[in-house]
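The following features are taken from Swiss-Prot:
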DOMAIN    4-80  domain 'KRAB'
ZN_FING   99-123  zinc finger
CROSSLNK  Lys99  SUMO2 cross-link
ZN_FING   167-189  zinc finger
ZN_FING   195-217  zinc finger
ZN_FING   223-245  zinc finger
ZN_FING   251-273  zinc finger
ZN_FING   279-301  zinc finger
ZN_FING   307-329  zinc finger
ZN_FING   335-357  zinc finger
ZN_FING   363-385  zinc finger
ZN_FING   391-413  zinc finger
ZN_FING   419-441  zinc finger
CROSSLNK  Lys439  SUMO2 cross-link
Amino acid sequence: MDSVAFEDVAVNFTLEEWALLDPSQKNLYRDVMRETFRNLASVGKQWEDQNIEDPFKIPRRNISHIPERLCESKEGGQGEETFSQIPDGILNKKTPGVKPCESSVCGEVGMGPSSLNRHIRDHTGREPNEYQEYGKKSYTRNQCGRALSYHRSFPVRERTHPGGKPYDCKECGETFISLVSIRRHMLTHRGGVPYKCKVCGKAFDYPSLFRIHERSHTGEKPYECKQCGKAFSCSSYIRIHERTHTGDKPYECKQCGKAFSCSKYIRIHERTHTGEKPYECKQCGKAFRCASSVRSHERTHTGEKLFECKECGKALTCLASVRRHMIKHTGNGPYKCKVCGKAFDFPSSFRIHERTHTGEKPYDCKQCGKAFSCSSSFRKHERIHTGEKPYKCTKCGKAFSRSSYFRIHERTHTGEKPYECKQCGKAFSRSTYFRVHEKIHTGEKPYENPNPNASVVPVLS
């Protein structure tokens, strides 16, 4: 009868596949493997070689006799240890016929392989010889010259060497500030990336990231919220979304105590304290705290409008504008004014609106003393004093202090007339012209112009 190979009875995963499993699937895997170990122990089988390099994809091994220990530490020439990389929880004290891992340094038992790795490191100060993805130690710490073979070692070493660019490429010596950066850089030495999108050409070094990206083209959203039914393409997105229902905000600002549901939001918020604005508009030089803000702003220069209202067809530059606009049609919004019933999507917009009722104007101009209810109106006013005109026409060179004036001016070049009269079909480039025209049909005469030949339309600048 042929000898039994471990691969015949084991369920194998790649590292990326293991990362994609949810906790219940991982628990099921551990239960199955635990039962497998029990069965093998009961029939008197053991692995001859415990020096397994890959933590999940275990190569074919013959099983020949009863184990004294299924996990065994083997001390290397320089104090490095190698271990069977089986996930913690498969082997434990409750598994009959199986002895858990034992430390070669102090003799302590009762640990899983990963726990033993940490335990040995605490004794020796050295990293275990972990999983090798490409067959050599490609990443080094430039502060201490230490070679690290597997990216999970880095967060531990990160705390040892704060500041600077801690990741050093052994191939060319270039240094990097983050692990993500050096992983991308290593692709240049490996001759490109293994996973490339056929639709847009974007490349990925991990299949899990590639599969998530593909869903942006297919529209697949396998993760659905049980509370509201909203679907997501990635498991991390649904976890963040679920916090809107639970109210969980695990990320708290150390400066002001404000809490956030997502790490991305707190990083953006922290810039309000530091004053950091890393995203700059190439057209006018205006800086922003987050990438989405600069992208929305850049559309004021290009005139690009990606979003269209399904109700009225109005084109808008960003998703936030669409949400705000849709409230006009639906009348629904999480923040509703008790005085006039107007609804808002964001608390900041709601607070600004409330000031129209209270008369509060917290922003004072130091030049002329004029006060404003919101910071954006105040900034626009300041340009009257400074003469700043950040919006410049690429066609004729004329500059404007406000983006709205700039967009209106652009229509003189493009011929665009977005305001059309439903009565007679006549179109206009500006809403003021359109409103004046409508009164011809209604017969309304709200004011009388003493000089009919004079223009009543304000000059844009």
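Just so you know, glycine gets a Cβ as well, placed from its N, Cα and C.
DSSP assignment over the zinc finger (363-385) gives 11 helix, 4 strand, 8 coil. Using a 10 Å Cβ-Cβ cutoff, Lys439 (SUMO2 cross-link) registers 11 neighbours. Among residues of the same chain six or more beyond the zinc finger (335-357), those with a C-beta under 8 A of the stretch's C-beta atoms are 320, 323-324, 327, 373-374. Distant neighbours of the zinc finger (279-301): 268, 271-272, 317-318, 320-321, 390-392, 403, 406-407; these residues of the same chain sit at least 6 beyond its ends, with a Cβ under 8 Å from one of its Cβ atoms. DSSP gives Lys439 (SUMO2 cross-link) a helix state. A mean pLDDT of 84 is what the model gives for the zinc finger (279-301).
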